[in-house]
């Protein structure tokens, strides 16, 4: 193959140009993302049961839906929540690779089976089935510059004019409004109702009748008279629009003829539909919209589309309304990808300098350099063909590939240069001879490296998706690299290189010094190798000790899934004691805001707080803050990193009285949770009941708090049981008094909850009408006695006449996991520990809890557990496949052993570098380790291949052959290894956006390659001789 292209250099150029053109077109069309679709697809079912408490919602809605979600293809796990606001949410998580569209259809079909069993009020509200991510992509906040709009004005405008257009934007899965649009609020006065012998149901029924749209038909409608000349629509009644019009609704006419109007028994106003959240931006009134990504959508494209849509809508905003983005995860994605591109360029420059140092010939150096863009662009074309994106993983694969792909070209050029110098041949003839010598080695390297990375493509789950990105990228670049090394590179060598001048090349002073030093080093290396081969037994014992050290390092290196990143944003939760009011929560959130904007003013750009909302549930005692940091370029230094900021905040905010305030970083993969660290579900497997499960949870939290050196920040991601005021209705007594139980229930529900009646028109938009007790009549326990219900004889009877009240406790939010009552526990690993260590520790603590209490991992922790289970199998399969590939290539069982024995030398270097830097055995490390395995084998192949050839063609003994092969291949091995090490150096020293992942990949690979090079050049001859002697004895036996 190589000879064909040596004789046809134009054809080689044509193929290279076609590859580059295809890659250039691919880059222009490939979408950009931080990660591929790693997170498994999720489908969320949401339902509302107005006025119901959490237990009622769970019993009558959540469980009914859950029990019908059986037989769904690819369902991994299911979690659900039921809260005191009447909301039920069931999130179904499917295996990676499942079509979200098909999953959504299947869930909808199953939901239809559950519908007849659900309460009528739930069916009337409607049930949504969304395929959106559970995590927030970005938050758009809206503020009034001059304060002319209050928070309700802002929220109404956002809900009426902005929310719907954003929800229709491409890539948006769902939107969540922090605020509420206006509604017509009817605030009832129980004393006035009692005065006029009225109950809330009378008010509701009259609003329904008098605020109604009636279709009146037509005058002259078809069929019509033959001479009909008139056709017009009949308008009977339209919906009311103003508080004044509602106030005039007629409730009853008394015996004296006087009328009782709605305004006589209630205060009517235009108020908020929902008062459950209070939003602030840097302490000022605001409203906000949280954007959640549609499953499978591209984050960058969606963010751009949202901002473009808001920019379009801003032309119609009220004069003082302004949009800000207090939380946006996409700048991190853009900058981290840019950083990897920058690293790619730096790697190419460093590799060029290394090659020039060793080759000392610009013509020779330019040949491998030309191969870099050809192979990289060709790889982009393949990525486009297989449906990949430009993301952190594929770009890391490119950076690793630079060192690999120049290896092939360097081996070709270096050998051609050697043949030209030693055999005094013209470049073309030298290239023909050289390719005959190394063609098999190039194929062997390609086969081995492909064999190393191929098993990664078949792993499952989110980890498997990460492995696949690396696998396809590296294999594609490797195969293209070998193709270029056997087509374009030899063609360039034959046409660009010059014959050696008489007396050889005369290097400049720097190169002369380098060559002198290198020749001395080569001679010293040759002598050392000869000495080593005299006492191979001693060095095999040393090798075994290195293997033992490798095993120890493997056991002591902490495990995790993915490294944490400084994403430029983080969150802070605030939870007050049960029963705390919104007033108290707002004060605490203001303290949080003041801290970040004063104590961390050099690092923090903005703070957006939402009272009444949190990932642990909705409630007046819950709050959440979105903190946006200044750009990375303005936060240089470890003390200004997100980790340091969070650590300082955790200490400072812990002093806030009567509140638990907890700042936390975002997870590495947004769709796999809301916080970094571990995510555990404590399960009531034994059906012990809510109270026993709560006790077990508290015991677990107490045990965890006793070991701050293992775990920290261990907390429940839920709401504590709160005091509840229970009304016990004596049904028999009520019946005896002629009071219907349904009337009692509706009176209580309307007064202390609210009743949605129907809709009205406001500024051209349909909005809702609610009836509820006025504020003074639902604040205290005694207010229950102010309400009356009319009996069958028309007499008003107070609720106190047939009911009693008592205080009790209950949960405002109940959780379930896979159909079992559960409680979510979040936490972080202590300093110096990994999430893997923390997970193992927490699992041991759960084992100490009462029988019947179990656990399961969810979100990111679920994927980490899956990853740790797959890693040993991945290593084993890769090693076996490499061994078999070498055996097939060399038609020998002994040669593969000589090559494979070098693998632990690279592994120990990777482990040592990772351990010394305090990093973890995560997915990136595992990818780097496989790369190290391949590169270690590659160096061994370069030596062994030449030794075998000398034994077969020149009849040399194994010792003579391996010494000569080691001497000949030392220069290309050191050159390619140093090129690779310097190629990944930018990853190792990276800081800022995306540096966590870059450090994790680069450190292990660099350490592994360094050890594989320094140790392998001495140990490979030992392995070769030992294996050859053992197999020779075996054959004689």
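Yeah, the Cβs are placed from backbone N, Cα and C, and that goes for glycine too.
What Swiss-Prot annotates here:
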- 1-9: topological domain 'Cytoplasmic' (TOPO_DOM)
- 10-30: transmembrane segment (TRANSMEM)
- 31-338: topological domain 'Periplasmic' (TOPO_DOM)
- 339-359: transmembrane segment (TRANSMEM)
- 360-369: topological domain 'Cytoplasmic' (TOPO_DOM)
- 370-390: transmembrane segment (TRANSMEM)
- 393-413: transmembrane segment (TRANSMEM)
- 414-441: topological domain 'Cytoplasmic' (TOPO_DOM)
- 442-462: transmembrane segment (TRANSMEM)
- 463-471: topological domain 'Periplasmic' (TOPO_DOM)
- 472-492: transmembrane segment (TRANSMEM)
- 493-534: topological domain 'Cytoplasmic' (TOPO_DOM)
- 535-555: transmembrane segment (TRANSMEM)
- 556-870: topological domain 'Periplasmic' (TOPO_DOM)
- 871-891: transmembrane segment (TRANSMEM)
- 893-913: transmembrane segment (TRANSMEM)
- 914-927: topological domain 'Periplasmic' (TOPO_DOM)
- 928-948: transmembrane segment (TRANSMEM)
- 949-972: topological domain 'Cytoplasmic' (TOPO_DOM)
- 973-993: transmembrane segment (TRANSMEM)
- 994-1006: topological domain 'Periplasmic' (TOPO_DOM)
- 1007-1027: transmembrane segment (TRANSMEM)
- 1028-1037: topological domain 'Cytoplasmic' (TOPO_DOM)
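Assigned with DSSP, the residues of the topological domain 'Cytoplasmic' (360-369) fall into helix, strand and coil as follows: 8 helix, 0 strand, 2 coil. Among the listed stretches 339-359, 472-492, 893-913, 928-948, 1007-1027, the one sharing the most Cβ pairs under 8 Å with the transmembrane segment (393-413) is 472-492. Under DSSP, the residues of the topological domain 'Cytoplasmic' (414-441) split into helix, strand and coil as follows: 25 helix, 0 strand, 3 coil. Outside the topological domain 'Periplasmic' (463-471), and at least 6 residues removed from its termini, the chain residues within Cβ reach (under 8 Å) are 35-38, 96, 388, 391, 393-394, 396-397, 400, 453-454, 456-457, 561, 863, 866-867, 870, 874, 923, 926-927.
The list of residues near the transmembrane segment (871-891) in space but at least 6 beyond its ends in sequence, with Cβ under 8 angstroms from a Cβ of it, reads 440, 443-444, 447-448, 450-456, 459, 467, 899-900, 903, 921, 926, 929-930, 933-934, 937, 941, 948. At the 8 Å Cβ threshold, with sequence separation of at least 6, the transmembrane segment (370-390) lacks contact with the transmembrane segment (442-462), having fewer than 3 such pairs. Within its own chain, the topological domain 'Periplasmic' (994-1006) is flanked in space by residues 332, 335-337, 339-340, 343, 392, 396, 399-400, 562-566, 668, 910-911, 913-914, 917, 919-920, 922, 924-925, 927-929, 931-932, 981, 984-988, which lie at least six positions past its ends and keep a Cβ under 8 Å from the stretch. A contact between the transmembrane segment (1007-1027) and the transmembrane segment (472-492) is absent, since fewer than 3 of their C-beta pairs, 6 or more residues apart, lie under 8 Å. Cβ atoms under 8 Å from those of the topological domain 'Cytoplasmic' (414-441) belong to residues 1-3, 6, 358-359, 361, 364, 486, 490, 493-500, 504-505, 889, 941-942, 945-946, 949, 968, 971-972, 975 of the same chain, restricted to positions at least 6 beyond its ends. Ranked by number of Cβ pairs under 8 Å to the transmembrane segment (893-913), the listed stretches 442-462, 472-492, 535-555 are led by 535-555.
Sorting each residue of the topological domain 'Periplasmic' (914-927) by its DSSP state yields 8 helix, 1 strand, 5 coil. Listed by sequence, the residues of this chain that lie at least six past the ends of the transmembrane segment (535-555) yet keep a Cβ under 8 A from its Cβ atoms are 901, 904-905, 907-908, 911-912, 915, 921, 1015, 1018-1019, 1022, 1025-1026.
If one looks beyond the topological domain 'Cytoplasmic' (360-369) by at least 6 residues along the same chain, the residues whose Cβ comes under 8 Å of a Cβ in the stretch are 348, 351-352, 406, 409-410, 412-414, 417, 489, 492-493, 496-498, 505, 507, 511, 514-515. Taken as a whole, the topological domain 'Periplasmic' (914-927) shows an average pLDDT of 81 in this prediction. Here the topological domain 'Periplasmic' (463-471) has, by DSSP, the following mix of helix, strand and coil residues: 9 helix, 0 strand, 0 coil.
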